[in-house]
Protein chains: 2
Amino acid sequence: MKTYKMVLCYDGSRYNGWQKQGNTDNTLQEKLEKILTEIAGVETEIAGSGRTDAGTHAKGQVASFRMDWKRTAAELLTEINGRLPEDVGALSLEEAEPRFHARLNAKAKRYVYTIWTGEMPPVFWRKYSFWCKDELDVEAMKEAASAFVGTHDFKSFCANKRMKKSTVRTIYDINIEQKEQRLVLSFTGNGFLYQMVRILTGTLIEVGEGKRSPMEMEEILAAENREAAGFTAPSRGLMLDEVFYEPYGKGTEMP
Amino acid sequence: MKTYKMVLCYDGSRYNGWQKQGNTDNTLQEKLEKILTEIAGVETEIAGSGRTDAGTHAKGQVASFRMDWKRTAAELLTEINGRLPEDVGALSLEEAEPRFHARLNAKAKRYVYTIWTGEMPPVFWRKYSFWCKDELDVEAMKEAASAFVGTHDFKSFCANKRMKKSTVRTIYDINIEQKEQRLVLSFTGNGFLYQMVRILTGTLIEVGEGKRSPMEMEEILAAENREAAGFTAPSRGLMLDEVFYEPYGKGTEMP
């Protein structure tokens, strides 16, 4: 039995998110387990580095699985890509340490949120961005974002109100950059709570629109209450960009 | 009655091309005429600068129509965008000379063809590129492309075998550029025959794959026979990028 680490990209538009669930169909995890089970001939499970919501995309989701495979990892990669639908691609596959687990061993993740700021409709970006028609004060958004960098209790930014585990997370960096008609927000942190990136983005958009002041961010964090934060930006603008398995700042692949 | 010039972009994936046809549904022209007729309250026709094939996209299609509209062009633009589906957008609208006609007055057009050259599947580019898995000799493609620049009889590159009008066209420029995992071919000319850009691209891909020599291009042109040229590259990789209404090289918007 070998353990594999696989990097995946997918257009999440037509999926009910990553995670297999009792009552919903058409999840990415399900789709992949079906393919791996076909290849292996025995029931095979896959673990993602984390869930992505319905409609959310990935350029670098990482998943781990175990398989009794006699040929090379490159051949297994070809085998998997040959069975994947065209909106999912396996980018790389390698044999990992026997105990490697995509979620448990992840040290950091980067998510990218794309806001369409063009005046005209985002015809080619309609599934990959959230169209914000109001003009945004990007400098105010940057100032507000700086309040989130560091180690904080992000309970106000967690959509799961019954979360019993710790809601403390560390954000290493938030980068906000205008690229043509898109305002691109990159969040790098040691982990993110349920819908945390989307709520952070929604709150920053409200700052950009002048509905909130950058000064309020400290209060929102202190409130430890979801009601204190802004709206949840739509899932289609969100992309899981990269998952890191080295401590932040230690590896060569760090941002 | 005023005459308007409108610039449109669209994702052609789910349309049967631009041109209204007796027996097919769901064309862009039909869609737009329906919207303009609703707004005007009387049957309104629209003329595109040219057809785009089923599955082909546009970033700058130009269309003209006449309407008895009392408010500003900006208000009409908003009215139109409010009724368009999310895969079509009107980028600009202005009142034009009374006799302006998007096709008859067009002086030049630029089409862009995107070839995906990545090793891994083009998940986010699957509808906007043609995946070429073989390695391409880009220098040979550039050399071959230079044979097409200038005024030639492009009968060998015309999919309409019963074409009775002249098949002589002028190509001003063919630019081939690698952008990350995409090889982007831009064709600027005074006009293009039916599927001409797709057949030129298919022929250039065969050169890139080493199946044809750049030296053969002169012979293909001289043959004046569709059978002499290469395959027709798929419509999804093609984008109508821009339409020019000034003689090539004279305007400020020239490439």
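Including glycine, each Cβ sits where the backbone N, Cα and C put it.
In the three-state DSSP scheme, A:D53 (active site, nucleophile) is classed as coil. What TrEMBL records for A:D53 is active site, nucleophile.
Following the DSSP three-state reduction, the secondary structure of A:Y111 (substrate binding site) is strand. Summarising the annotation, TrEMBL assigns substrate binding site to A:Y111.
Residues or ranges marked as domain 'Pseudouridine synthase I TruA alpha/beta' in TrEMBL: A:144-246.
Neighbour density for A:D53 (active site, nucleophile): within 10 A of its CB lie 21 other CB atoms from the protein chains shown.
The Cβ of A:Y111 (substrate binding site) has 24 other Cβ atoms within 10 Å, all protein chains considered. With helix defined as DSSP H, G or I and strand as E or B, the domain 'Pseudouridine synthase I TruA alpha/beta' (A:144-246) counts 33 helix, 31 strand, 39 coil.
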